[in-house]
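As annotated by TrEMBL, domain 'Mannitol dehydrogenase N-terminal' applies to 2-195. Taken from TrEMBL, the feature NAD(+) binding site applies to Ala3, Val4, His5, Phe6, Gly7, Ala8, Gly9, Asn10, Ile11, Gly12, Arg13, Gly14. The domain 'Mannitol dehydrogenase C-terminal' annotation in TrEMBL covers 202-344.
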Amino acid sequence: MLAVHFGAGNIGRGFIGQLLQKAGYEIAFVDVNAALVDELNERKMYRVQLATTGKPESVVEGVRAINGQDVAAVAEAIATADLVTTAVGPNILPHIAGAIAAGITRRLSVHAKPLNVIACENMIGGSEMLKEHVYEHLTESVQAEAAQWIGFPNAAVDRIVPLQQHDDKLLVMVETFFEWVVDSSQMVGEIPSIEGVTYVEDLAPYIERKLFTVNTGHAVIAYLGYQLGMKTIDEAMRDDRIVQATRGALQETGALLSAKYGFDPQVHGQYVEKILGRYTNPLLSDDIVRVARSPIRKLSQHDRLVGPALQCMEKGMNPEHLGLAIAAALAFDYPEDAESARIQASLKEFGWENTLHNCTGIPAGHPLEEIVREQARRLKEWSGSH
Ligand SMILES: NC(=O)C1=CN([C@@H]2O[C@H](COP(=O)(O)OP(=O)(O)OC[C@H]3O[C@@H](n4cnc5c(N)ncnc54)[C@H](O)[C@@H]3O)[C@@H](O)[C@H]2O)C=CC1
Ligand SMILES: O=P(O)(O)OC[C@H]1O[C@](O)(CO)[C@@H](O)[C@@H]1O
């Protein structure tokens, strides 16, 4: 069995590649990092280390890599693949769509065999969005065939894999916890048996529970921690104010999720506690600027901060902790991050209100604006105190 996986980065090697290899797939990674591609092709294996006592390791063998620029080679691999997965980042999905479309076209010209393409990105509706981009590159007749033979099931993936700094360029250190949930109602053909993958008929509760808990909490810690001059997530978790704010935000999203999906508050509370524990793992040493990366994406209307805040308000709740994190995300001034630089330039040129509206989609005069403004004042007191 062959799996073609786009993105041989942290989650690609440290999570998706590892699970697929255990399930018996040969893996062809597709990446645009030429050095990484060469190293994978030379060694045909890599190590995954667990960030826990003793740092146990496993070896992922039977891997190769294709340079993403070589569209013909990528298309050839997709033509014979049994599964396609991605972990490249939501903003990159449009850039890999052409190669996937070329692969689908080639495949359908040779044989009609079902294929599922699973985007493993931190976003709602990732595979559906990828499908839209791929279809832009398909002729009408191939689109009609693809509708029958190619599935784009949405997925939720959860495993913290920080930036890697090892002498061994392929080694990847990961936390022990992982969760990979796939929407089986959007799949074609036989459902593949992959240990560690949970198939569900309706992904919405799972992806929202994950995005609005793990990723919301992480974002709160990262943006507040940055304001307080901290470097890593576990360092920030040693500050009581940050822990309180994170708990507060997760109470807000928890109340929303319970109201929307009927989650048992006690069971959800245990889920939250487990996640708070994951953030404190000192062996992960997860950089705040990694977790805070791409603040425009993270501030967008349906993402982890503004998404739940707007929905909380529709239900009559007051999302002040989410408001504090939104204010901190706007204040995230890290020039090496292109999106942070764009926000800071916008704040200077267009002012706070316009930048808030443009980045978040919060309409002018919406009551959430007032909450964020109030929290921005509170944030100034916080920042002044460190
Ligand atoms: N790191 C983590 O803990 C988790 C990450 N995710 C999601 O997984 C995705 C990837 O994140 P990471 O692995 O952390 O990022 P990463 O930066 O470590 O890996 C992304 C990889 O994609 C490659 N890439 C970029 N453009 C490409 C293109 N056009 N074609 C092929 N490859 C390309 C990069 O060279 C890089 O190797 C993101 O959507 C992230 O939200 C989800 C859960 C956990
Ligand atoms: O990968 P993103 O969406 O930029 O956000 C970082 C988040 O993703 C993760 O890497 C994995 O879920 C978390 O560590 C963090 O919440």
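Cβ coordinates are placed from backbone N, Cα and C, and glycine is handled just like the others.
Remember, TrEMBL labels are computer predictions, not curated facts.
Note: the domain 'Mannitol dehydrogenase C-terminal' (202-344) comprises 100 helix, 2 strand, 41 coil (DSSP; helix = H, G, I, strand = E, B). Sequence-distant neighbours of Gly7 (NAD(+) binding site): residues of the same chain at least 6 apart with a C-beta under 8 Å from its C-beta are Phe29, Val30, Asp31, Thr86, Ala87, Val88, Gly89, Ile92. Candidate binding-site residues: Ala3, His5, Ile11, Arg13. Those with a Cβ under 6 Å from ligand 1, in sequence order, are Ile11. Over all protein chains present, the Cβ of His5 (NAD(+) binding site) has 27 other Cβ atoms lying within 10 Å.
In the structure as shown, the Cβ atom of Arg13 (NAD(+) binding site) sits within 10 Å of 29 other Cβ atoms. There are 24 other CB atoms within 10 A of the CB of Ile11 (NAD(+) binding site), with all protein chains counted. With respect to Cβ neighbours within 10 Å, the binding-site residues Ala3, Gly9 differ, and Gly9 shows the lowest count.
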